[in-house]
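Here's what Swiss-Prot has on this protein:
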type	residues	note
DOMAIN	4-190	domain 'Flavodoxin-like'
BINDING	10-15, 78-80, 113-119, His134	FMN binding site
BINDING	Tyr12	NAD(+) binding site
BINDING	Trp98	substrate binding site
Amino acid sequence: MAKVLVLYYSAYGHIEAMANAVADGARQAGATVDVKRVPELVPEAVAKAKYFKLDQAAPLAKVDDLADYDAIVVGTGTRFGRMSSQMASFLDQAGGLWARGALHGKVGGAFSSSATQHGGQETTLFSIITNLLHFGMTIVGLNYGFAGQMGVKEVTGGAPYGATTIADGDGSRPPSENELAGARYQGRMIAETAAKLHG
């Protein structure tokens, strides 16, 4: 049975919802799953003034936690076409794990969100995936077995590189059922791959 970590940063709850969907998909494949978030770097007064969702159920992750899992799925919103500073800061602290090769051979994946359809989701996924490849991980994206990314009848996220959602400029659009289904599908694929590789 694979042990999967869904590691995320979510300012307004969109990525939190996607993280829980990824976790649900991994559990459907029989994995043991933990959902953890990275620490907020924005001062609390500023976060409250900007209506950040600070009451998230997931516990805070510690960098050394990463070595305990067969698979790690990383999610964060887009910040100017790249991952958030909160997630980048957390991953930057994993140099010791990198130096020891502690993440070699683990399965990795990425998911993201943006305000608009062309708001940098794919480049954000690439920024996450680049980190995971440097750690020596095997990447699993959102393959075209998920038919929900093939249609054009609705506005929807999703790319072969990972599940995504579109939040709208004011954050008013929650992840759609299709986007959540994509996240569940990717979570299941990652858990199944980890089980094959790690038994």
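Each residue, glycine too, has its Cβ placed from N, Cα and C.
Neighbour counts were taken as the number of other C-beta atoms within 10 angstroms of each residue's C-beta; across the binding-site residues Gly13, Gly119, the minimum falls on Gly13. Between the C-alpha atoms of the residue listed as 'NAD(+) binding site' and Thr78 (FMN binding site), the distance comes to 12 Å. Taking the Cβ of Trp98 (substrate binding site) as centre and 10 Å as the limit, one finds 15 other Cβ atoms among all the protein chains shown. Ranked by how many other Cβ atoms sit within 10 Å of their Cβ, the binding-site residues Ser10, Tyr12, Ser113, Thr116 place Thr116 at the bottom. Of all Cβ atoms in the protein chains displayed, 23 besides its own lie within 10 Å of the Cβ of Thr78 (FMN binding site). Residue pair Thr116 (FMN binding site) / the residue listed as 'substrate binding site' shows a Cα separation of 34 Å.
In the three-state DSSP assignment, the secondary structure recorded for Thr78 (FMN binding site) is strand. Per-residue pLDDT, averaged across the domain 'Flavodoxin-like' (4-190), gives 97. Spacing of Ser10 (FMN binding site) relative to Trp98 (substrate binding site) is 25 Å (Cα to Cα, whole number).
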